[in-house]
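Notes for the one structure printed next.
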Amino acid sequence: MSNYTEVSTFIIVGFPGLQLEYFHMVAWFLFILYVTIVTGNLVLVVMFALEHSLQKPMYIIMVSLALSDIGFTTVALPKLIARYWWNDASIGFYTCHFQRHMIHYFGSLNSLIMLTMSVDRYLAVSFPLRYPMLMTAPTMTILTVFSWLVAHIFPGVTSINFIQISFCGSNQIIQAFCETLSLAALACGDKRYLSMASYATAMFILLVPLIFVISSYFCIIISNDLTVICCSPQGRRKTLSTCATQGCIISIYYIPRFFTYSAPHIPNMKMTPDSQIATTFFYSFFPPLINPFVYCLRTKEIKAILSRWVQRLQVFQPKSSKTATVPKVK
C-alpha cells in the first residue's frame, strides 16, 4: 500500500527567488507585456481582415503566426499575472493539464508555421517565375489549416502518457506555467520512461522542422537562382537581410528550447530553477513580442496601409476642431 496522497490541485510557484515586495511590480510588467503582445498581433489580424490586398500567401502565414502568439500568450500569462497580483497560485488538476497541452500545442504550431514560412520564402526566392503557381492563397490556407490540426498530435502523445500516471507528494510546479518537464518531476514512481518519451517528442518537434528551416535558408543563400532576382548588390543585401532577421528569431525560438529540454539529460549541465524559468520566459514571450515588427511592420504594403489609416484619422481632426470652434460675440 502507498502512503502517498493523490494530488488534486497544483501550485504555480513562478520564480522561487523572487521576494514578496516585488510581486506587484512583476505583475504590472507581465500585464503590460500581455497587452502589448495581444495588441501588436491583433493589429495585423484586423488589418488582414479589412484589407483584401493583404490576402496573399505570405500574409496568411503572418496572420497564422499572430493568432498562434495571441493564443499562447493568453493561455500562459493570465494565471501567472494572477499569481503575482493577487497571490492566486493554485490551479486545478485538469486545468493544469489543459494548460500544459495548449502550451505545447502552440509551441508545436509555431514550429510548423516557421517551417511553412521557410518553404514559402525558398520557393519565392529560388523559383520567382513559378512561385505564383506553386504557392497560391488557397494552397497556403490548406497548409495553414493542416498545421493547426497536426500540431495537436505532438502534445497529444505526451497527454496520453500523463493520463496513465498519478501525481503524489509535492504539488508545487517550479515554473511559470504548467508544462511537461515541471509536471513530470511531480509524477509518482519511475519517471524515466515518461521523461525520455517527453524528451524524444520535444526533440522531434524541434529538430525536424529546424533541419528543414536551416536547409531552406542555406539553399536560398547559395542558390544560383538568387542572381536572377538579385541582379543588383542592393537586392542581394535585402534578401540576405531578410533571411538573417528571420534566422535570429528562429535561433531565439529553437536554441534556448533545446538547452532547456536537454539539460536534465546532459551530464554536468545543471540549470537553477530561476535560470531555467528565465530561459523559458525569454524564448516563450520575446518572439511573440517582436514578431509583429520583424515579420509585418517591415513590409512596404503594411507600412503603406498604416500610413493611409493615419492620414484618414488626421483628416477627421480638423473637421472636429472646426466644429468645436465657438464664434466670437461682437
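Cβ from N, Cα, C; glycine included.
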Transmembrane segment according to TrEMBL, located in which of 59-82, 131-154: 59-82
Long-range neighbours of the transmembrane segment (59-82), counting only residues six or more past its ends (CB under 8 A): 12, 14, 27, 30-31, 33-34, 37-38, 41-42, 44-45, 48, 88, 91, 99, 102-103, 106-107, 109-110, 113-114, 116-117, 120, 137, 140-141, 144, 147-148, 176-177, 284-285, 287-288, 291-292, 295-296
For the transmembrane segment (162-187), distant same-chain residues with Cβ under 8 A (at least six beyond the ends): 2, 4-7, 9-16, 75-76, 79-80, 91, 93, 96-97, 99-100, 103-104, 194-195, 198, 202, 260-261, 264, 273, 276-277, 280-281, 284
Intrachain residues whose Cβ lies under 8 Å of the transmembrane segment (25-50), provided they are six or more past its termini: 15, 18, 59, 62-63, 66-67, 69-70, 73-74, 77-78, 80-81, 84-85, 285, 288-289, 291-293, 296, 302, 305-306
PLDDT averaged over the residues of the domain 'G-protein coupled receptors family 1 profile' (40-295): 82
